[in-house]
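Only one structure is covered here, and it is reproduced in the block below.
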Amino acid sequence: MIKFALALTLCLAGASLSLAQHNPQWWGNRNTIVHLFEWKWSDIAEECETFLAPRGFAGVQVSPVNENIISAGRPWWERYQPISYKLTTRSGNEEEFADMVRRCNDVGIRIYVDVLLNHMSGDFDGVAVGTAGTEAEPSKKSFPGVPYSAQDFHPSCEITDWNDRFQVQQCELVGLKDLNQHSDYVRSKLIEFLDHLIELGVAGFRVDAAKHMAAEDLEYIYGSLSNLNIEHGFPHNARPFIFQEVIDHGHETVSREEYNGLGAVTEFRFSEEIGRAFRGNNALKWLQSWGTDWGFLSSEQALTFVDNHDNQRDMGSVLNYKSPRQYKMATAFHLAYPYGISRVMSSFAFDDHDTPPPQDAQENIISPEFDEDGACVNGWICEHRWRQIYAMVGFKNAVRDTELSAWWDNGDNQISFCRGNKGFLAVNNNQYDLSQELNTCLPAGEYCDVISGSLIDGACTGKSVHVNEHGYGYIHIGSDDFDGVLALHVNAKV
């Protein structure tokens, strides 16, 4: 009986920990993460204070923070080839990182670090030098900056069969030296690295290539981490938020269900299906059942996105900034529909898969510059600064904890719905106008469309909609309008 009670206690403790790892630790009603891909720490700190906090963003996913190999031309993916756990990259050093985390936490913006637990750098001719000056010999699996040696890695092999669990989890993903997370020593180094970031005030981690590591090894590592640092405003006993990169199209040998009990999982099917719909390859009317009916994970387990730094570079159904009208419609739907833990992308311009972030002649990452409207102009795309996107972050905050209701569609690609009595969204992806009296579910009054403009000094700078005492308003979205979406909420009432 004593053994049974102890086993039950340990089981419940494990379940409690994994449940806690689904909590993003947001402030107030904020509930959207932005990925400031390849930004410098000093620029993120300023962005938290001057833009993200005033507009209600909840958190920032940052690029990998630990030392990486220096590759010719400085492609973005060099950040995913670590050679030590020293906190020095082209984004800045440890002091600058710590300053950024503190300043962002001070204004209610949580920081989530993209972490590389699966591997170290791939092969390199001779001695490689990292961004902190550390030398390594990746071809010999020698990384003295940790230190790691060959005994800390799985034997080298190539993934040739993605239906072979052994290959997926113990061979080398695109040639990257595959760490043995079952080793006590490797586990200790990974835990030490993550705990240091927790000490500096981060709220959690995006775990890169999670499906290439055994779930039981990750469970041990996550369960061994420290609680979040209360000196950065986290409650006592708060656990780091975990979201794991698991690409699962529904027929994978290693499935997302092996990981969703440990933390949230990146829902790639969401990205693919929302792209198909807003590219016109699937009628928007079918989105009424969006979510688990589409085979997605449950809402609290799914990290959702229109695109990410990887799949925005691939051909196919996924939308990116290069299709701005459809991209903004898809993002508006993403942030308005009550499903998932939402993340929006903030990119830099690219012409090919390997394009580096904006950099100067000395290959230093440059800071974003802004025009008079606040949009980025020097190679940074900054989708999060597009009015149509940051306005929907405010919409999502305004309607938090409300249900979807009053769905309407025209049987094709015009849809609308309410979020309780706090918000209304309409979308027109047809080649003809949407002109219709629709139920907005809002209290009577005049409302600004936050897509086409803003509420400033008691007046709308874009479209406005009069809502009658029954909650109905006349909605017009022309087929040739700049944006194919209209959004109203209670905080944009004149």
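Any Cβ shown, glycine's included, is placed from N, Cα and C.
The candidate list R165, R256, R269, R343 contains one residue that Swiss-Prot assigns to the chloride site with R206, N308, namely R343.
Of the listed residues C48, C157, C48 is the one Swiss-Prot pairs with C104, by disulfide bond. Taking the Cα atom of each, C460 (disulfide bond) and C441 (disulfide bond) are about 20 angstrom apart. Using a 10 Å Cβ-Cβ cutoff, D178 (Ca(2+) binding site) registers 24 neighbours. With respect to their backbone Cα atoms, C171 (disulfide bond) and D178 (Ca(2+) binding site) stand 7 Å from each other.
Residues R206, N308, R343 make up the record's chloride site, and a Cβ search at 8 Å around their centroid adds I33, H35, Q61, D114, F243, E245, T266, L303, F305, H309, M345 from the same chain. A gap of 9 Å separates the Cα atoms of D178 (Ca(2+) binding site) and C157 (disulfide bond). All protein chains included, C418 (disulfide bond) registers 25 other Cβ atoms within 10 Å of its own Cβ.
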